[in-house]
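K.L.:
Quick one: the structure is below, questions incoming.
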Amino acid sequence: MNARTLMIQGTGSDVGKSLIVAGLARAFTRRGLRVRPFKPQNMSNNAAVTAEGGEIGRAQALQARAAGVAPSVHMNPVLLKPQSETGAQVVVQGRRVGTARAREYQGWKPRLMACVLDSFGRLRAEADLVLVEGAGSASEVNLRAGDIANMGFARASGTPVVLLGDIDRGGVIASLVGTRAVLDPEDAAMVRGFLVNRFRGDPDLFADGMALIAARTGWPALGLIPHFPEAARLPAEDVLGLRGAERPGGRVVAVPVLPRIANFDDLDPLRAEPGVSVVLVAPGRPLPAEADLVLLPGSKTTIPDLIAFREQGWDIDLKAHVRRGGRVLGLCGGYQMLGTRIADPHGIEGELPEIEGLGLLDVATVMTPDKRLAPAEGVSLPDATPFRGYEMHLGETRGPDAARPLLRLADGRPDGAVSPDGLVCGTYVHGLFADDRQRALWLGRLGAAPSGASYEAGLDSTLDALADHLERHVDLDRLHALAAG
């Protein structure tokens, strides 16, 4: 028997769709239902590795965690990873299939809809309830032809829609009523009701607003959801949600915000540490001289981001930081930047065949067409502290400093490199700081006392609190009844 299905669409980006689906997934799972999250099309450079060796949006991985199941490539069958202002890498059912510019991508959509519906059918066959997340805004009617992310998917799959608005940014009445006004009648008929998210203050003061929206749209109000401040403890997928955590007196970890920063959830466990101040360095600002650690994050396009890094003068700041005895850690693309050169003989990242690196590690990288996607575990060196994380990268890095690897993987492969003085390190492994043992090790190197709290347990505690929050403010029985079976 196929599962019931319900789709949460939004009036815009960053209105809380991912968070609400995660909370609903945990709430319905606690009621004994087999829940699966699903997002037909996602656009993000913050990806997660699945057990199948594929990649999906990080939000769907969190939603899978909320549902108590392993992430699957079928939870996000189309993932777009932006490489420029107009083009993106296209990942289908976990595998990279090519790159496309925005106009070119429109022609791909009919073929991609078949993949989307295939993955959706697979999830329905193993679940009691599939919770679907839309993308961006439901009101982008200029993109409606061939749509696979919002109403196009809802209509093709027969999935009812609940529309989510965000009152915190202002204009929620206009955004919900305006969405109703621009939808064609068949699309509007898919909407079964609306939710208003991130309300602050006395809910009685917005009762007239909820009634007005219902009257103007013909959609019933399904809940007014108060602001949930604990959401800041959960990983953000969109770069709009990238957050620092500056604390006076804490050990300073400085992170340059690269144009195509990727997998920035590596920062979240550090943000959660009370003895650490995570400083996001925006373009136009220097790397802070007081930094204890400069962390070069992952990048979707290493060579263009390295060029941008130099344009900001951060290369000069970084070398001054090392001369002062400061530590540097490069993760994935950040690791590649730290070497002496990066070669791109296949033109994977553009037309530049080679670029000089920052020269802080005596290693060189060659970009290769094959992407490594896999969970990773092993020990760090020389202390033999265990770790769990994941690999998600193009390219191979070799050189004298790689003879001092930072990690040794369970299959015996060395990973990463360490400079002769031990101050500069690089690794291809993401997720190190989410491992409590590795986070404690690195905090010790910085002279900070770890909190001792389990990061993973903290995620589950926050998901439970989110589910409790939705139980109080949304009629979940009614939502379940609205889902199509």
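The chain as shown is numbered from 1 upward.
Any Cβ shown, glycine's included, is placed from N, Cα and C.
Small disclaimer: the values here were computed from a predicted structure and weren't measured.
In case it's useful when we look at the structure, here is the feature table from Swiss-Prot:
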- Cys332: active site, nucleophile (ACT_SITE)
- His430: active site (ACT_SITE)
- 250-438: domain 'GATase cobBQ-type' (DOMAIN)
K.L.:
Just the number: how many Å between the Cα atoms of the residue listed as 'active site, nucleophile' and His430 (active site)?
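P.N.:
Approximately 7 Å lies between the Cα of the residue listed as 'active site, nucleophile' and that of His430 (active site).
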K.L.:
Just how many other Cβ atoms lie inside 10 Å of the Cβ on His430 (active site)?
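P.N.:
There are 24 such Cβ atoms around His430 (active site).
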K.L.:
Hey, what's the Cβ neighbour count for the residue listed as 'active site, nucleophile' at 10 Å?
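P.N.:
I get 25 for this one.
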K.L.:
For the domain 'GATase cobBQ-type' (250-438), provide the mean pLDDT of the predicted model.
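P.N.:
Mean pLDDT for the domain 'GATase cobBQ-type' (250-438): 96.
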K.L.:
Would you identify the secondary structure of His430 (active site) according to DSSP, in three states?
P.N.:
strand
